[in-house]
Amino acid sequence: MMKQAGILKIFLQHQFMFPTAFFLRSALVLFGVYQDQTMLVKYTDVDYHVFTDAAEYLTQGVSPYKRATYRYTPLLAWILTPNIYVTELYGKMLFVCCDLLAAYLIHRILVDRGIKDSASLYCAIWLFNPLPMVVSSRGNAESVLAVLVLSVLYYVQKRRLIKGALIYGLSVHMKIYPITYILPIALFFQKEDFYGSQEGKRVVSNLKYIRIFRNLLQRLLSRDILLFVTVSGVTFALLTLFFYYRYGWEFLENTYLYHLTRRDIRHNFSPYFYMLYLTAENNNSFILGLAAFFPQLVLLFVVSLAYFKDLPFCCFLHTAIFVSFNKVCTSQYFLWYLCLLPLVMPGLKMSMTNGICLIILWFFSQAIWLVPAYFLEFEGQNTFLYIWCAGLLFLLINTVIIVQIISNYQLQSKKTKKT
């Protein structure tokens, strides 16, 4: 037993853990080259070819949006121009390094929250999770977002407002979903005296909801919050204005507006997909698409008020709810909340049996969805109804998992000092 503990201790040392994780991901990248050249099913993500083509257009002095289906900020194509000048593997190795940087940030955040002894273990859960390993090595850019989101949490937790706000503005520019974190971040800054002192306690005890709401608005106008919102807003606005100046309306349309009206009728776990598919030619389809955001907004608002004191947990719930109830839900979106899961796990008071059952349920629900999706994609059979039913089951299981996590989580609101 002691020998096994010694082996685990060695394994969890950073000088062993990080090089091993890098080696495994690099091996997957090289295997991907072999598979792409020799097998019918390709390893490299289709989006990676889109990124590379967009980067090539940039090197020719034209817009990256000349590449059909490029729906991202030009900044990503700029970052990947070494794909053209150096090697096509550059982007994959960059995403692999972002995976490792995300793990490092997970470790730092956990240590700052007072979880020193087991921080390396939870860090390893991300490093050796096969899903992020495969996603980054296939050339998907989600690990970049993971680094940005974790960096925001790291700096906000340490009350480094300027750095946190700059990265937050950049993260919203890269992908719009982190904008949902603004309310819990604002409430987190006021967590020590959110309801006030004695007056606040009297308000709560008397259930004066109007006064609570007024108090909330007053505290949301504090110096720290206004500074964070201003810096992040200016960062986002400057990036947006710069790229709008360079690429015009097609930048706004492809980077932001497209995602408000997007419909993915095949590779989509969303419970809304079948409704949006059937009403695609309806005059009210745009309104229905916008209405799909309403349940998300309500749930995110409630979660913000309930769990803002534990910011990583609140952001995890935000992201899990956003992805589960989104009108478009693909497997790469799962990484948006999986990168936050190691920050939540130390507070879970759940039996191992229960945890394993939830993991099995999560994978089982995806397998159920993949069967009709395969017959639709590769056999050309009409399985839309079955895919929708599987999507409803996936939503149900995700909801059960979220409820179980909330029920078995012990809130952590460790006070952090300004630095």
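Cβ atoms here come from the backbone N, Cα and C positions, even for glycine.
Model, not experiment: these values are computed from the prediction.
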Per Swiss-Prot, I84 shares membrane side with Q404: yes
Other parts of the chain folded back onto the transmembrane segment (89-111), taken as Cβ under 8 Å at six or more residues beyond its ends: 14, 18, 21-22, 25-26, 29, 32-33, 48, 51-52, 79-80, 82-83, 118-120, 122-123, 126-127, 132-133, 136-141, 143-144, 146-147, 150-151, 153-154, 157, 312, 339, 342-343, 346
Proximity of the transmembrane segment (169-189) to the transmembrane segment (115-135), 3+ C-beta pairs under 8 angstroms: no
Same-chain residues near the transmembrane segment (286-306), Cβ under 8 Å, at least 6 residues beyond its ends: 180, 183-184, 187, 260-261, 263, 272, 275-276, 279, 314, 317-318, 321-322, 325-327
